[in-house]
Amino acid sequence: MDDFERRRELRRQKREEMRLEAERLSYQRNDDDEEEAARERRRRARQERLRQKEEGDVSGEVTEKSEVNAQNSVAEEETKRSTDDEAALLERLARREERRQKRLQEALERQKEFDPTITDGSLSVPSRREVNNVEENEITGKEEKVETRQGRCEIEETETVTKSYQRNNWRQDGEEEGKKEEKDSEEEKPKEVPTEENQVDVAVEKSTDKEEVVETKTLAVNAENDTNAMLEGEQSITDAADKEKEEAEKEREKLEAEEKERLKAEEEKKAAEEKQKAEEEKKAAEERERAKAEEEKRAAEERERAKAEEERKAAEERERAKAEEERKAAEERAKAEEERKAAEERAKAEEERKAAEERAKAEKERKAAEERERAKAEEEKRAAEEKARLEAEKLKEKKKMEEKKAQEEKAQANLLRKQEEDKEAKVEAKKESLPEKLQPTSKKDQVKDNKDKEKAPKEEMKSVWDRKRGVPEQKAQNGERELTTPKLKSTENAFGRSNLKGAANAEAGSEKLKEKQQEAAVELDELKKRREERRKILEEEEQKKKQEEAERKIREEEEKKRMKEEIERRRAEAAEKRQKVPEDGVSEEKKPFKCFSPKGSSLKIEERAEFLNKSAQKSGMKPAHTTAVVSKIDSRLEQYTSAVVGNKAAKPAKPAASDLPVPAEGVRNIKSMWEKGNVFSSPGGTGTPNKETAGLKVGVSSRINEWLTKTPEGNKSPAPKPSDLRPGDVSGKRNLWEKQSVEKPAASSSKVTATGKKSETNGLRQFEKEP
């Protein structure tokens, strides 16, 4: 709330200031109106004094007081304004006196006009007195307000504006006389008039007013005593006016003389003050000049002394710098010698390192060749094992087929036995229906018939097995009846139909096996083609590696040569710098480090300076070499990469069973291709068989075994021999990796079972052996 009140008060003050500023501007514009109103008031007051000549001393005193108040108020207003020069003041005084004389004459003429009607004038005196009293009261009240306004704050200046508007109305009433007294307003408004001058003007006006009052009194007495004495009164008035004029002239001259003397005294005083001030300023300037000259003299002496000191120090500095330069030259020579030796040692170490790298590389290649030979032997061994496994599988498959055929024959025999029993039952029924004459008469014959019936199925089964095995049929034994022949014929017909069905099924299975064999042959051809493509890719990579190695050696030779040239050039530059010893201390500022120390600790600081110089120069040489190497980093990126790979490969790998050999970069890429399955037609893993091979199972394996055993020349021509394997052949690496992974105890449980799991030599997928 207090903040709100404070802001509101500030806004109110700003509005008030703006309003007062506007009123001040209007007041300045209305100064002329105020001056005209003051002149109008004085003119009316003088007229009223002339009109009140018939009144008593009371009215005279009232007019005197009002005039004095008016003059005092005007004087107070005039004290706030500035005056012109002395000549303008005198001219204004002269013009004012002339106008006063004219106004007196006009008053006398108006008095003469009032004389014939003196009674009317006496009757109207009270009324005019009341009007004059009202006007005088208003004028005095206004003048008092003007006086109080000058003592108040700026907020109360609004009253002055309103009164100025009222005075403008009064000016319109007496516009004609206001025009006459425009110049008088300028005279009565002197700028910066002192209070003494205002008091003198007031005293003069008071004296003239008193004389006018006396004059009016005498005129009133003469008029009352006798109207016939008008001429004498007029004469006395004119005499009194002349006398007053002379006295006023004397008083004016006296005042002018006093004013001139006062102004002259003030001018002399001002001139003396100015002169004294000028003398003081002159003395101060001289003092400043003297102090400045002394300061300059001291500064010049100081500069001379400092210059001499600097020259002495510079000479000492040059001597010390010369000694330091000689010492540094000796150090530089020793340092150059050390650098030369260090460069030679570095070159020697570099050559030894390169030789070691070459040896390591040769050792690596030898080991790689041994690995390839071992992989080749392992491949041959695996091929032999695979062949033996295929033979064993073939025998096992043949045995299974025989068992299956035996089971089928047994089932067919059971079926035939059942059919034979049915037929025997039918034959028994027919026999019973035959006439009794055909039946055997004796029990001996019946027993014989029963035995024959029991033997007949056995002989039929025997004949069937003999026919299947290729044994010729034997003739019927003696004592066998002819009834067995139709039974055998019927059984032969039934068994022949079943054999035809089995033969048709066997032919359909053989056709399927042929189709699957053809598909397997096509897949083998594709695998051979892919293997040939891989071999070509490996050959190209090997050639590319050899070419890159040759280029790398050439670049290394060029780099060695360039480094030697750079070392020789720097040595020559260092020798030239040592020969050019600077004669002055200017070039010493360009040195990397200088140490000027006190004599006590000079030895330690010089040693420290030498160390810093050496380190600075070494740091200055290293960036140059680094920039030279970095400038060719794009062209040498492959060289650095191959060198890093060679360094890593140069480390001898421990032949542990759990560690894998570190292959070359090309072999690693091909190995990743093998692992991703991009080489094969299908991306299946080594452990998961193909869908087609999974469907083949026994038949495909038997056909593959037949293909391996019957057509060995077809296998030799497209498939590369173990001797055809190149140093970076991927198959050898892959088989070696598989061998080592098989040897691991952790992987043995998953890859090697009780019967064993092995991969084929031609890149075929693994076929698990049936348990």
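Each Cβ is built from the backbone N, Cα and C atoms, and glycine gets one as well.
Region 'Tropomyosin-binding' is the annotation Swiss-Prot gives to one range among 600-610, 622-632, and that range is 622-632.
For the residues Y165, Y640, the entry in Swiss-Prot flags phosphotyrosine at a single position: Y640.
Summarising model confidence by region, the repeat '5' (309-321) averages a pLDDT of 90.
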